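A.B. asks: After the structure tokens below, expect a handful of questions from me.
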Amino acid sequence: MSSYRIQGATGEWEVVIGLEVHAQVVSNAKLFSGASAAFGAQPNQSVSLVDAAMPGMLPVPNEECIRQAVKTGMALGAEINRWSRFDRKNYFYADLPQGYQISQLYHPLVGEGTITIDADEKAGIAEARTIGVERLHVEQDAGKLMHDQHPTRSYVDLNRSGVALMEIVSKPDMRSPSEAGAYLRKLRSILRYVGSCDGNMEEGSMRADVNVSVRKPGDPFGTRTETKNVNSIRFVMAAIESEANRQVDVIEGGGTIVQETRLYDPDRNETRSMRSKEDAHDYRYFPDPDLLPLELSEEFVAQCRAELPELPDAKRARYEGELGLPAYNAAVLTSDVETARWFEALLDATGKPGAEVARAASNWLISDLFGALNRLGKAIDESPVSPKQGAELLALVADGTLSGTLAKQVFEIMLETGDDPAKIVEERGLKQTSDTGAIEAVIAEVMAANADKVAEYRGGKDKLFGFFVGQTMKAMGGKANPGVVNELLKKALG
Amino acid sequence: MTAITDLGIAGLRDGFRAGDFSAREIADAFNGAVAGAKALNAFIIETPDHAIAAAEAADRARAAGELLPLSGVPLGIKDLFCTAGYQTTAASRMLGGFTPTYESTVTAKLFAAGAGMLGKLNLDQFAMGSSNETSAFGNVVSPWRRNDGGNAALAPGGSSGGSSSAIAARIVPAATGTDTGGSIRQPAAFTGIAGIKPTYGRCSRFGIVAFASSLDQAGAMAQDVRDSAILLEAMSGFDPKDSTSLDVAVPQWEANLSSDLKGKKVGIPKEYRVDNMPPEIDALWKQGIEWLRDAGAEIVDVSLPHTRYALPTYYIIAPAEASSNLARYDGVRYGLRDLPEGANLQEMYAATRAAGFGPEVKRRILIGTYVLSAGFYDAYYTKAQKVRALIARDFEEAFRQVDVLLTPTAPSAAFALGEKSADPLEMYLNDVFTVPASLAGVPAMSVPAGLDGQGLPLGLQIIGRPLDEQGVLNAGLAIEQRAGFTAKPQNWWAK
């Protein structure tokens, strides 16, 4: 259990958090129409007659969206309901052309599952925790209103109207903002692995409704509030903290928490009441009579399972087990599907995809490549160096052509020019030398120029050995094989 | 010689093929009849240009020897079907001036089969009504008059009252209808024509302005059973654009028509013997039984025990679905918008919907909103769904014993306009015999079977197994042949 507590005037308070995540399904078309679901079209360019709710138009489920949701459910280890049904959620708003949203209240597509969040000492998560997922269902997104286009009118953009969303509802299992953050990161990671949602919170393809309540440790759950539509992990964590503190203040001030919907204002870092339970909508949910129950064939479910990729937890275990990577490396490489993909392409390109080169490859990726990408402000899928080039570089180190220092130099040039490492080594003569004759000659020069230090070393000042290594390497332009240098120096210095 | 406008689909089709007349002559004759029958108020708009264009295409097709099933046949189209380029209103101010850019699947099929369109037929507003008095474009008048010497204007039935009136008056040879709780069958019975509601899912709902999605079904209205079969065949078929459409082949109903009912069993449900049933209707029902026996069928008494719950069940489910289906008429994107000066969004909704919907539509939206609201949902909607399942099971069990059921179509002949409009319950009771088949989704048709003492038509209803439209049509044909219904209304409307 989390040790996160809010210190109130009356003692410690525990925070109870549940998250409802809306994740936009990756699909060419909307949930019930053939219109494009791509982001970034001109307003009202991706709107079919169905999306605009013209008279007589009917929804037809898009199998691809259902497939994505089923695969996501499987990735959460959840039960897939072979029989589910769509319901209408009725309310009026200008961005909701039908006057109802097609959703799944009574019989969701996916039942209970879990998400494991990892231990993170820095974030106060002492050990890995399993967070329950209550359900996953599919539903339509609404359009959006634009209030800044005209002095007295609001404009409506229906491009998002009808786009498929997965609503993934957690159990109230989280106990700190960090756990909520870790849950969201892990969920996003899983969605990206499955390829069912791009997880891009800035573009709104993943948003969270945050349920928060507080209680004295050991007490039953308190009354919760729901903060709607928070659109970054950082804001989710900040909203929880601010809302939990507000609730503690209210309760300790003698008030009671009202079950209500709130909004988070990131500029002021506070939540504000949107509407209370009393004036909550009566959505008049009922089964959508335009749609038959969604019945999944055994074949369809099996196909979804077969299409499911290796997921982050399994991959991580394999990296640690089969590849023998340190836990840290395995965790870093698997947290994001693009990184894992890049790493596996790198391993493949070495021609020896296995434990043999995995550790060196993982270290290089995590320190050198990540360092460079950070500096360049690029994501891994935008890396100027390809996995194949990375593998070639690692091979040059492994066969002694390049020292570690030389490899770093070559990598810098690769980043700049995009050239293959072999070409750079060839053209710039950066090859490491193990030519003992040449190295011995340089050592002799170094010892002659530093006769006093040679005497001191031989007089017992062992630490000076490093000095001689440095001088020799320097004189050789860094191209000498450090192992050979060490060996020959020991011999020469006696 | 018979006037062209006296002919139905088969007569026109066959005469056209035989070269008795051109398609253009047919179109001109019916366009003229339509233009001369304004007193019936059967049309919301007339579309003579469409009928002429289709006729000219049919004449060219005939010359080229490339005839289509409905080449040369013009039709009336209920104004609930969206027609590309032609105003579609659902008889509501809400959609006044609304012209779809798209074609309903049913009308697309009919036009692809060579049919032309004479106009968009009037109906009860959003298909909600049993008398056509809820239309925002004025009520349709039945061409029939009582033989009592009075001139009371009679209801053509509803909601497909424009269709029934126009066919009975012979200003269209046939028409599309839609039936949610009896909207094809009851008007057919009131006006002495045939009308069939097929199995739910036979005809695509795509492009039909929705009333109650789980009940709405398009169907055929025509002078007789054969024409109904021809028209329904052209309207039916799987449509991937409607999730509830049935992916089954359309049988050749016309080619397989047979009034020989040997080996068939006809069920007579005792629950349809309601209190206060006019003796004439009861007598006609008994006559119908004899006709079917004469056609070779065995008559079996059956029970549909949940029949008495059908009407209340229907008046929960249909308004519930309607309240949601009609939410899209909000003034934001198309149709009527009433935006009072300085009004906000909520006020625009309120003003638009207050001005756009008629009283009956509002009543049903209110009922539907109520039965779906928190705290009442289980007591009304959930319970109604359970009862609906029981009603469907009644039919399943009956159809284990018999092939079709015979009942009266409506508990009365046509009533006078204004006679029931003050009392919604009284009006709703007129659907008592038609609603159960709608709830069960099974095919049912009304065939004209006789006249009452006031000279008004009465219909008998045949209800069949799911997808057994053939059985329904065949039993209908057997009655039709024996009833010899040839009565026609006196023409008082033509200018």
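The backbone N, Cα and C atoms fix where each Cβ goes, and this holds for glycine too.
Okay, these came from TrEMBL:
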- B:Lys78: active site, charge relay system (ACT_SITE)
- B:Ser159: active site, charge relay system (ACT_SITE)
- B:Ser183: active site, acyl-ester intermediate (ACT_SITE)
- B:37-473: domain 'Amidase' (DOMAIN)
A.B. asks: Kindly state the mean pLDDT of the domain 'Amidase' (B:37-473) in the predicted structure.
C.D. replies: 97
A.B. asks: Should B:Lys78 (active site, charge relay system) be counted as helix, strand, or coil on the basis of DSSP?
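C.D. replies: For B:Lys78 (active site, charge relay system) - judged by DSSP and reduced to three states - the answer is strand.
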A.B. asks: Counting across all protein chains shown, how many other Cβ atoms sit within 10 Å of the Cβ of B:Ser159 (active site, charge relay system)?
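C.D. replies: Taking every protein chain into account, the count is 35.
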A.B. asks: Fewest other C-beta atoms within 10 angstroms of its own C-beta: which of the active-site residues B:Lys78, B:Ser183 fits that?
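C.D. replies: With the active-site residues B:Lys78, B:Ser183, fewest surrounding Cβ atoms within 10 Å: B:Lys78.
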A.B. asks: Between the Cα atoms of the residue listed as 'active site, acyl-ester intermediate' and B:Lys78 (active site, charge relay system), find the distance and write it as a whole number of Å.
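C.D. replies: Here the two Cα atoms are 11 Å apart.
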A.B. asks: Can you tell me the CA-to-CA distance separating B:Ser159 (active site, charge relay system) and B:Lys78 (active site, charge relay system), as a whole number of Å?
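C.D. replies: About 10 Å separates the two Cα atoms.
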A.B. asks: Could you tell me which three-state DSSP class B:Ser159 (active site, charge relay system) falls into?
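C.D. replies: In three-state terms, B:Ser159 (active site, charge relay system) counts as coil.
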